[in-house]
Amino acid sequence: MPKYTPEEVLDLIQKEGVQYVDLRFSDPFGQWQHLTIPAYEISKETFEVGRGFDGSSIRGWQSINESDMLAKPDPNTAFIDPFIEPKTLVMICDIYDPVTGERYGRDTRYIAQKAEQYLKQTGIGDTAYFGPEAEFFIFDSVEFGTAANYAFWRVDSEEGWWNREVPSSGYKIPHKRGYFPAPPVDKMMQLRNEMVSIMSDLGIIVELHHHEVATAGQGEIDIRYDSLLNQADKLFLYKYIVRMVAAKHGKYATFMAKVLPNDNGSGMHTHFSIWKNGENLFAGSEYAGLSKTALYAIGGILKHGPAIAAFTNPTVNSYHRLVPGYEAPVRLAYSARNRSAAIRIPMYSQNPKAKRIEVRFPDATSNPYLAFAAILMAAIDGIENEIDPGEPFDKDIYSLPPEELEGIPQLPGSLEEALKALEEDYEFLLKGNVFTEEFIQLWIESKRAEIDELRFIPHPKEFELYWDI
């Protein structure tokens, strides 16, 4: 996204005839919130003082007796919304406490900013680069609901392998074979092209896009790496564009980790490296062309993997994806080129600038401010303490017999297991006051409340299994 000063934003509003300004920010759980004000209300003071709003209405934020909050727009994030009329300019905001004048501790964008600053304070590096590959589904119809006497969901897609008659029965993608046939089999190419064109117009550099393994419109758009905060901001915009383009065409996009029970889920493989003074610290002469720094970073991520999964895979649904047989990692191992490992070292290029690791277990239901910050903090801990990642695992982990799997640590099998791991292993996140104990406890309590909400609802499959016993 282009970078602006407050004065340049005000000039842009006048030049483009902007009528409304939309102020956006994330709640703790990764959902964009917004408030809209007429453009004539925007002045230089707006950037200095901010705009007041009710923080008690945001899930996980203030109580009603301390509800006043301030949203201060970041001019560097300004863009003209291509979907909204009349012409509307959007800015992402930082959240402040109006009483103390300080940043709000539950503003997850602040956590991301603190993580970037802490990296510099350690002297290890000055920039952490992230390149997420956020996968999604596009459906033609979606229905779901729960009530006192029912619980159900139903999705459909013209690409769905279960639709064998109409429409386009001659161009169906066979089950789990969506990677990646050309049109007319790939019916979503034009939609993705439109998404990419809008992303490019708004400053998000796209490297490629393609259909994914699952049928029913699963796709992936890969965006070029960027620094932690910039990339997290871009990921919110990425998801917004995907959803809005789908909606424009009467379709429905979702980033849920597991939608279809017998098909691949949607992940967010995250490429990651640390740089200093323009030099890639992950390039070296060790295994797969990595440096010792990179291996220690891997050691930290593997050691703290169960804990950071509470942020990178933050929903009950996330763990329906992390099962064998659907190209998602379940074991905390690392390897070159090996997509069955939790961490893969891509080998596409021998250029030292391209050397990175790919953390394969996250999904796009995560809040990227928290997910990226947690990955970075685990890596820093690994580097500072020279945590040995052990030997690489170059075998296909999915095909190993049980006796060979015993020595390989597992990712959590459920959100409850991930929260338990976070509860027992969060000291590394507190360094530099990046995460606070108060925020971590809020996260654990909120997520356990989600688990309880689901725990008391019988699953429709239970009726098939147990109705007439």
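Cβ atoms are placed via backbone N, Cα and C, with glycine included.
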Which single residue out of ARG243, ARG360 does Swiss-Prot record at the L-glutamate site shared with ASN264, GLY265, ARG321, GLU327, ARG339? ARG360
Besides GLU133, GLU358, which of HIS34, HIS210, HIS211, HIS269 does Swiss-Prot list for that Mg(2+) 1 site? HIS269
Please report the Cα separation of ASN264 (L-glutamate binding site) and GLU207 (ATP binding site) in Å, rounded to an integer. 23
Counting only other Cβ atoms and using a 10 Å cut-off, which of the binding-site residues HIS269, ARG339, ARG344, ARG360 scores lowest? ARG339
Note down the number of other Cβ atoms within 10 Å of the Cβ of PHE272 (ATP binding site), including every protein chain shown. 25
Please report the three-state DSSP label of LYS353 (ATP binding site). helix
Going by C-alpha positions, which of the binding-site residues (GLU212, GLU220, GLY265, ARG321, ARG360) is nearest LYS353 (ATP binding site)? ARG360
Given a separation of at least six residues and a C-beta threshold under 8 Å, show me what packs close to SER273 (ATP binding site) in the same chain. ALA128, TYR129, TYR225, ASN280, LEU281, PHE282, ALA294, LYS355, ARG356, ILE357
By a 10 Å Cβ neighbour count, the lowest-scoring of the binding-site residues GLU207, GLU220, GLU327 is GLU207
